[in-house]
There are 2 protein chains.
Amino acid sequence: MATGRTHRPATRSRGIPEATVARLPLYLRALTGLSERSVPTVSSEELAAAAGVNSAKLRKDFSYLGSYGTRGVGYDVEYLVYQISRELGLTQDWPVVIVGIGNLGAALANYGGFASRGFRVAALIDADPAMAGKPVAGMPVQHTDDLEKIIDDNGVSIGVIATPAGAAQQVCDRLVAAGVTSILNFAPTVLSVPDGVDVRKVDLSIELQILAFHEQRKAGEESAAEAAAAQLPPAARAAGEQADRKGPDGDVPAVMPA
Amino acid sequence: MATGRTHRPATRSRGIPEATVARLPLYLRALTGLSERSVPTVSSEELAAAAGVNSAKLRKDFSYLGSYGTRGVGYDVEYLVYQISRELGLTQDWPVVIVGIGNLGAALANYGGFASRGFRVAALIDADPAMAGKPVAGMPVQHTDDLEKIIDDNGVSIGVIATPAGAAQQVCDRLVAAGVTSILNFAPTVLSVPDGVDVRKVDLSIELQILAFHEQRKAGEESAAEAAAAQLPPAARAAGEQADRKGPDGDVPAVMPA
DNA sequence: GTATGTGAACTATTTCACAGCA
DNA sequence: TGCTGTGAAATAGTTCACATAC
């Protein structure tokens, strides 16, 4: 548990909201596109459209970084690219390791979006001895035994976990012990880490489940009565066993085999 | 804005907060683990720990679904699994198509987390004729030409886009035209869709960039003076052209090759 | 006694709308 | 005139703390 870390008032204007930070990469991507097309300046309206947000939000976000625009004109594309890159820490090179070179790990290793944004894949690590030495994305897979040495030799502070869920915590512990302080976790499990270590998670099936929720609701709007019927009457809950209750569609739960 | 939705307003329980919806899959995953270990009941405290949230939030979240716990006891695991599954729409089967069978698409096709949560990969689709017929995850890849027919034949309403960025909007348009109303987008681009179509995006490099931001801040805490210096003095901004200003580190932007 | 369920307080985020500046 | 930058208002989300029910 993170103790009483309520919020950080900090001394200086160190407070870029988390929601804003999460959008900076979006702006950066949009700006990079404009830059490649040699567009010199862009208005908040145009950039917002390219990034998929509204312009008020974008302007507010930028206001946390400073006043980088020109009233009546807009923003200088190159200048903004640089400012946002700097704010995100992308003007320096971040060596990362990817642990777990299965389908997903290999896909990540091959993913161009990392290298193009200041991230350098320093090593690919897998626990399977059969993988050791095999080239993936033009780079030999290394064995987990050498994890600590690899982290240390390369000064890695960011680790990507793409192992099965069962191995993730153990890998995480070793990464942290070796000095990694930021982890991107693709394994469908909750990682516990000491204070000062950041974890972000990407769970592919969670995103689909959120879509399913909304999809269901869309369908339910056509026949709202059915959805209402699906709500079990409160009285029923008080009765006997609940687990084997029939579903509203006339079928058993039947979810989650593994 | 859900006006005064205090409790279940009979007709439509319209109004589970988005933030709550996004956590339901987390609870479901934790509960599934408990269910497999045959744990009969769980307290909000225990379940919250397993899901990586705090218990007050969990109880509040559940309160939007209904009163599914027992005071002084906790929650019946199987019952909750069922209720959350139903709420998420996972008691029905969702056929999905994956478009773009590169490294990532193949990884997604092989990802067990989909199948185990009520999602069925109905088809793998790729634009490369050389891929057509090749088996991936035990299933032959089909050509984009047949996209509309595949969607229609399988009643697909959820599509996963794992194509390069350049192809994503076109694929998206065809999916939507064919009847897909929910899209999970892995391509690093903003998709525009008509009203009524949901898009969720997963951008692998964005997550890393957010980590880099925090990582940089950690490093900066050790030498806060440097970070402060990096912020251009406000006076300087008022001066002439900005684009060609030297970076604070004494160098030009030089980010984003591609 | 114990743990849920929930108003109320608090914090974060988004949106509005317009003053201020190029 | 046109577009940024930003207080203020509105909305969303989180946490508190305790009445309530088992």
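Easy rule for this one: first residue shown is 1, then count along the chain.
Here the Cβ of each residue, glycine as well, is placed from N, Cα and C on the backbone.
Remember, it's a predicted structure, so these values are computed and weren't measured experimentally.
It is A:26-65, from the ranges A:26-65, A:66-105, that TrEMBL records as DNA-binding region.
Residues A:222-258 are the range that TrEMBL records as region 'Disordered', among A:111-147, A:222-258. Close to A:I101 (NAD(+) binding site) in the fold, though at least 6 residues off in sequence, lie A:A109, A:L124, A:I125, A:D126, A:M131, A:V136, A:V141, A:A162, each with a CB less than 8 Å from its CB. Across all of the DNA-binding region (A:26-65), the predicted model scores a mean pLDDT of 98. Once Cβ contacts within 10 Å are tallied over all protein chains shown, the binding-site residues A:G102, A:G105 are led by A:G105.
Here the domain 'CoA-binding' (A:89-190) has, by DSSP, the following mix of helix, strand and coil residues: 37 helix, 29 strand, 36 coil.
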